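The following features are taken from TrEMBL:
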- Asp452, Lys453, Thr454, Glu545, Phe586, Lys609, Arg642, Thr722, Gly723, Asp724, Arg813, Lys819, Asn842, Asp843: ATP binding site (BINDING)
- Asp452, Thr454, Asp839, Asp843: Mg(2+) binding site (BINDING)
- 65-143: domain 'P-type ATPase N-terminal' (DOMAIN)
- 114-131: transmembrane segment (TRANSMEM)
- 137-159: transmembrane segment (TRANSMEM)
- 337-361: transmembrane segment (TRANSMEM)
- 381-406: transmembrane segment (TRANSMEM)
- 896-917: transmembrane segment (TRANSMEM)
- 929-949: transmembrane segment (TRANSMEM)
- 979-1003: transmembrane segment (TRANSMEM)
- 1015-1032: transmembrane segment (TRANSMEM)
- 1039-1057: transmembrane segment (TRANSMEM)
- 1063-1083: transmembrane segment (TRANSMEM)
- 1090-1112: transmembrane segment (TRANSMEM)
Amino acid sequence: PTKMSRRRVDTRSSLGPDDEVMPYSDDETDDELEEESSEGEEEAPERAPQPQVETRPTDVTWKVKANDRPYHQLPEFKKKVFLCIKKSKYSGNAIKTYKYNFLTFLPLNLYEQFKRVANIYFLVLLILQIIPEISTLPWYTTLIPLVIVLGITAIKDLVDDLARHRMDNEINNRKSEVLLNGRFQEAKWREIQVGDVVRLKKNDFIPADLLLLSSSNPNSLCYVETAELDGETNLKFRMGLRVTDERLQEDHQLADFNALIECEEPNNRLDKFTGMMLWDRERYPLELDNMLLRGCKIRNTDWCHGLVIFAGGDTKIMKNGGKTRFKRTKIDELMNYMVYTIFALLILVSAGLAIGHTYWYEAIGTKAWYLFDGKDRTNGYRGFLSFWGYIIVLNTMVPISLYVSVEVIRLGQSKFINWDLQMYFAEKDTPAKARTTTLNEELGQIQYVFSDKTGTLTQNIMQFKKCTIAGLIKPFSISCQPVDWSWNRYADKKFQFIDHSLVAHVRSKKDKDAMEFFKLLSLCHTVMVEHKADDLVYQAASPDEGALVTAARNFGYVFLSRTQDTMTIREMDQEMTYEMLALLDFNSDRKRMSIILKFPDGRIRLYCKGADTVIYERLSPSSKHKETTQTALDVFANETLRTLCLCYKDISAEEFEAWSRRHKEAQVTMNDREAALDAVYEQIENNLMLIGATAIEDKLQDGVPETIAKLAKADIKIWVLTGDKKETAENIGYSCSLLTDDMEIHYGDDVNEKLTRRQASRRDDPQAYRRGKKKTAEPFFPGSNKNALIITGGWLTDFVDMAFECEAVICCRVTPKQKAHVVSLVKKYKKAVTLSIGDGANDVNMIKTADIGVGISGQEGMQAVMSSDYAFAQFRYLQRLLLVHGRWSYIRMCKFLRFFFFKNFAFTLVHFWYSFFNGYSSQITFEDWFITLYNLAYSSLPVLLVGLLDQDVNDRLSLKFPKLYIPGQQGTLFNYKNFFISLFHGMFVSLIIFFIPYGAFLQTMGQDGEAPSDYQSFAVVAASSLIFIVNLQISLDTSYWTFVNCFAVLGSIAIYFGVMFDIHSAGIHVIFPSVFTFTGVASNALRQPYLWLTIILTVGISLLPVICIQFLSKTIWPSVGDKVRPLPVQQQACWSFSDLSA
């Protein structure tokens, strides 16, 4: 009760722009949105954005002649492909999705791989190593790792491309019947051409984009399944033109068919087609309903004929296979900057050592007779050669295997999401699906979630609950027992209603308003009906429409069938057929649909249903019940019901005749047909008489309030973007816990007043708001209260600062374009990591614009899923995706990167310390083969497994304590601070690895009386110490131990010793004397207990500070995860989130 009495503001009377007339385009891209926002940025402070409707001219250069292949080879249809070589602009029907063939695989794949800067860098290094004057390492130390990295990537690309080859061959070799030489012949899909007439049979796939000519069903009706095109499994109907239905049934008629089709150029708009057919000097308009698109399947139709309009790569499904916008994570960007930093450090260190060599050679080298090499070189030139030598020696500072390792980790993390049974929806057999492998760790850094309402927070399963007829709300009387529909043999037994009086009114035929109400519902729609075993099955384009037609059916107004120009319904016990004169279809701009019918008695009537905002603008001044219906609409909205207004208009024959002529002219225009039709529709949809309104219930999905509450505790801001009324959206906000009673709600007037005041202050003091200067720190909402914002779609640019101060934001009456615009604004001004989640085609722009897009596979098809990065069946799975998989992925990737940089610095900087004792001569510390295999075999597997398997707390605790998510949002686990800590840690370890063995080797005597203080023994001891240190260090950093981790650590150490003893053996030296030069060193050095003591001392001193720091940090400065992890189960239950945040 307290919620219902909360003050509301009528946004229609507010100062903002009218969001009901905002332009809408389904193919808006993020780039366009960013351009718009940047262009409008200067103007935004001065005035509210004024909507302008864009006109998009339609190209009509695409001409198709039926049964005339030579026509499409005429010179006017040729296009230049190379120099003077031309070919027809009409594609053949063979498709090619593969990238390589036998000849192009190697050069093309290498070209693509060498577009990566890291691979080019190592190729340059390889070239440098071939130059004798500067080569300090054998060429194979770089070649082998480079070949392995390139080879792994090439094999993956080859496997993927072979699968594409197989799929292309399978599709191109499918067979269909094509009309050739007057009769239908079987032909492969690859042989079909534009202008061919094709015959398809039941369950056939459609081979190209076809114009439907005729079918076995009455009125050339054809049912298609579009699952491969847009993922929707419900059947859709397509209908041929009446003229082709009547005149193109027989083979000889089809053979004589010679129409010319003029239409738009090939494009990727699945929801639009504009064309015209010229046949026997008559012009006939063509639209999407006349088209059979490639990728669909013929259903419930024995046969049909179609004319090929677009073939192969020109078809809409192939046009939609273009490149999607590449998304990169913040860690990716940071990692690249760090690689650039390492490269800069490499150049600086190499330059410093080269300068050192120049001065050293001048001071010492020229005086040492044993260093004389007989080459007449200046000291400066020797320093220059030393610089390139050190670039080669220290090249491992830039890790060659980093990018490959990151891809392997991301692939594994994606598989874990796919395999998670707790995100599997058994009712629809729908598992979670990671549709990308590049964004997993970004899931652990989300700050803003933008959610659609219908079908995302709600189930999108519509149930007719209430209505208002002639100003009276129904149910008027409520009974405990639902209505018994046994009197109606056509009734849907699943439909439930509790107002017996309304049923009695309708059945008595005394309430004319109620009869007109349900007659409108049974006639004003685009539903198709199938008769199955004495039952009616409705195929509706939307759940709302299906629910309304089903309601009319149960109340005795049963929709039975439709043809191209008639609709048949059963009104109680009487079957009536109405002539359909025009159908004014629904779209997101119009927000309404109308149908013009001719009654059996000759009357012409327009029925219309639509959103209250657009209907009330078009009502006649003499229309009754406007105030009472508006009151009922507010009541329905408060109960979170979806509403539609119903109205009618009687039209005289003369008025319709005049309007029909204008309508036909608009139908055949080729320049912006949609705008022309909308203008004509406006001329007839006026002076409407209100009948009433419907109220449909769309229940919340299971677990939505709990999910939103947990995400809020993880400091994730949730914004709901919906096209619904403000009151409906607000009450849904309360029911799903997005809005709470302790929040102060700010509505339209309040918002507009504050924004207007802020804009006025900008005009008064423009210098304070100059671009680049910091904005005023004065808050919109002073005080410490929680704030929530409920705003309509017109003030999107100016409200961003205000919205950031709110705990919750709900945007109502927003178009799909505006949804994407909101996301783009937050990305631009807040620099935040964003996630959009939706289930329908109207959410696609929002999903593509956000850093991460999540699609819900719900009732509205699969368009959102097909455009998303991650997909699952229920909103409640979002908490597990973010708080478990996202958090783990982020922690694992950060730990992996920190350790990867550390182990490479510890390994490479040993050469740096050695330089001070070899005259800065770019001599290497370790053996060649150790350098080659260090990153490939000796240290890669343990850190890779940490990146794949590590977890600080289990999934149950991750969900129980959402505060654990906050470090990811703050980016505290991997940043430049962590990078430099890894750098200095590596420097410290490299210092220990060099100087402790160096000190031990200064004055040493072995057991046999010989001094094992040679360079090669020193290299073995230093290398052995390094392998122990990096593998034990990763063991200290591992939070979650499995058998695989243990095996990897011990296995890496075992591999090192096994390989080292092999390559130090005499046998391999005899075969390759110049390559394997450390003959017998390992066996000689490692039998000395003194050197083992040196290794143990080196490892101990390197690890002891780390152990101490970890102990102190976990006892004195514990993280949230440290606080949670050691608690017993009983104690964990007593901890509150405030304790953790403290």
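Heads up, the Cβ atoms here are built off N, Cα and C, so glycines get one too.
On the structure: features taken from TrEMBL.
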residue	record	contacts (Cβ under 8 Å, 6+ apart)
Asp452	ATP binding site	Val720, Leu721, Thr722, Lys819, Ile837, Gly838, Asp839, Gly840, Asn842, Asp843, Met846
Thr454	ATP binding site	Asn460, Arg642, Asp698, Thr722, Asp724, Asp839, Gly840
Phe586	ATP binding site	Thr526, Arg592, Met593, Gly610
Tertiary contacts of the transmembrane segment (896-917), as residues 6+ beyond its ends and Cβ separation under 8 Å: 331, 335, 338, 342, 349, 353, 356, 390, 393-394, 396-397, 399, 402, 405-406, 409, 923-926, 934-935, 939, 943-944, 946-947, 974, 978-979, 981-983, 985-987, 989-991, 993-995, 998, 1022, 1026, 1029-1030, 1033-1034, 1037
Contacting positions for the transmembrane segment (1039-1057) when only residues 6+ beyond its ends and CB under 8 Å are counted: 937-942, 944-946, 949-952, 1023-1024, 1027-1028, 1031-1032, 1082
In contact by Cβ distance (the transmembrane segment (929-949), the transmembrane segment (137-159); 3 or more pairs under 8 Å): yes
Positions whose Cβ lies under 8 angstroms from the transmembrane segment (381-406), at least six residues beyond its ends: 116, 118, 121-122, 125, 128-129, 131, 133-137, 142, 145-146, 149, 152-153, 335, 339, 342-343, 345-347, 349-351, 353-355, 357-358, 361, 893, 896, 900-901, 904-905, 907-908, 911-912, 915, 920-922, 924, 931, 934-936, 940, 943-944, 947
Helix-strand-coil residue split for the domain 'P-type ATPase N-terminal' (65-143), DSSP-based: 34 helix, 10 strand, 35 coil
Model confidence over the domain 'P-type ATPase N-terminal' (65-143) (mean pLDDT, whole number): 84
Segment proximity, the transmembrane segment (979-1003) to the transmembrane segment (1090-1112), 3 or more C-beta pairs under 8 Å: yes
Arg813 (ATP binding site) CB neighbourhood, other CB atoms within 10 A: 24
Cβ neighbour count (within 10 Å, all chains shown) around Gly723 (ATP binding site): 22
Local Cβ density at Arg642 (ATP binding site) - other Cβ atoms counted within 10 Å: 23
Surrounding CB atoms that lie within 10 Å of the CB of Asp839 (Mg(2+) binding site), all protein chains: 31
Asn842, Asp843 as binding-site residues, winner by CB count within 10 A: Asp843
